Amino acid sequence: MAFRKKSTKNPPVLSHEFILQNHADLVACVGMFFVLGLMFEGTAEASIVFITLQHSVTFPAAEERATESKFLYYYGIKDLATVFFYMLVAIIIHATIQEYVLDKINRRMQFPKAKQSKFNESGQFSVFYLVSCIWGTFILISENCLSDPTLLWRAHPHNMMTFQMKFFYISQLAYWFHAFPELYFQRIKKQDIPRQLVYIGLHLFHIAGAYLLYLNHLGLVLLMMHYFVELLSHICDLFYFSDEKYQKEFSLWAIVFILGRLVTLIVSVVTVGFHLAEGQNRNPDAIGGNVNVLAAKIAVLSSSCTIQAYITWNLFNVQLQRWMEEDTTLQAPVVKKKRTKGRSSRKGTENGVATSNRVDSPHKRKEKSS
């Protein structure tokens, strides 16, 4: 007699389901190799490339009272290793928020499957945009960008950045690169993948462009305005998922959305117009950060205008879809009532005719018998 195999809920090791369920633990194990590498002399130099920021330059203290030297950074090929490590960190944080926050809310609210993916997406982006807005605002205040707006088009030295500025851009690139494997880990539907790829690719293109062209302050200001509007958008979506009655109350965020796009275009035009106001460089050097030429200005302005037009067009499409869904939901009960009334009247007439026939049939029988 053959023994029955015990049914186990855990999938087999290294199977498709096993990787999806335990991807955060697997990624954490990979990240621990780099951390443990710091403990050994032979691997410490290689591990430092992944964990700490590279390509630093030491400058002596400018003031007499200042005793500490100043560290500035430029970009290089080693930044790819740093982006890869913090991409692993982003995957772990993403899974932690999903498991301990969003999944618990999903169980309590009992959302249908159609709303669960949208709720998870809005929840993850809300946390990311909130942290990025707070962090970016702190950098703008510490580097006096709000008190001195001219830093948007002049920064000395123009081909260097501070530690917090470079770490912010490395983290941003790591987050948006981590969104590619998350399409697989979160089991995104095939029809939603093209939209997600375009959304991720546009963010990577503009963040990497600002980082490589040393337009750090301009890119940071534009990111803060963009992230703030997106944060309001996803917060409104979260309220809408919790209760659909909030749809009309939070529809005013579209006004803030359009104003944010207009301010972004104005800041882009003014900054690029006054960028390095001393005049255009005759010998531009993109690697050294000297990109003050007409072609570079046109490229920056055209990309900024294109992304704003694309995002605004998507807003109109999403809003139109929601209005159409609301109209269908309002018209559906009316049609059902009309149909039920017609059916009930038909049934009533049929029943009346049947009962009348049943009542008249005995009299007719008596008449025939008489």
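For all residues, glycine too, the Cβ spot is worked out from N, Cα and C.
Here TrEMBL flags 83-102 (among others) as transmembrane segment. Within the chain carrying the transmembrane segment (83-102), a Cβ under 8 angstroms from the stretch's Cβ atoms is held by residues 23-24, 27-28, 30-31, 34, 50-51, 119-120, 123-124, 127, 170-171, 173-175, 177-178, 181-182, 185-186, all 6 or more beyond its ends.
The domain 'TLC' annotation in TrEMBL covers 117-326.
What TrEMBL records for 123-141 (among others) is transmembrane segment.
What TrEMBL lists as transmembrane segment is 167-185 (among others).
The transmembrane segment annotation in TrEMBL covers 197-214 (among others). Sequence-distant contacts of the transmembrane segment (197-214) (same chain, at least 6 residues past either end, Cβ-Cβ under 8 Å): 75, 155, 158-159, 161, 169, 172-173, 176-177, 179-180, 183, 220, 222-223, 286, 289, 291, 296, 300, 303-304, 307, 310.
Taken from TrEMBL, the feature transmembrane segment applies to 252-274 (among others).
Summarising the annotation, TrEMBL assigns region 'Disordered' to 334-370.
Per TrEMBL, compositional bias 'Basic residues' is recorded for 335-346.
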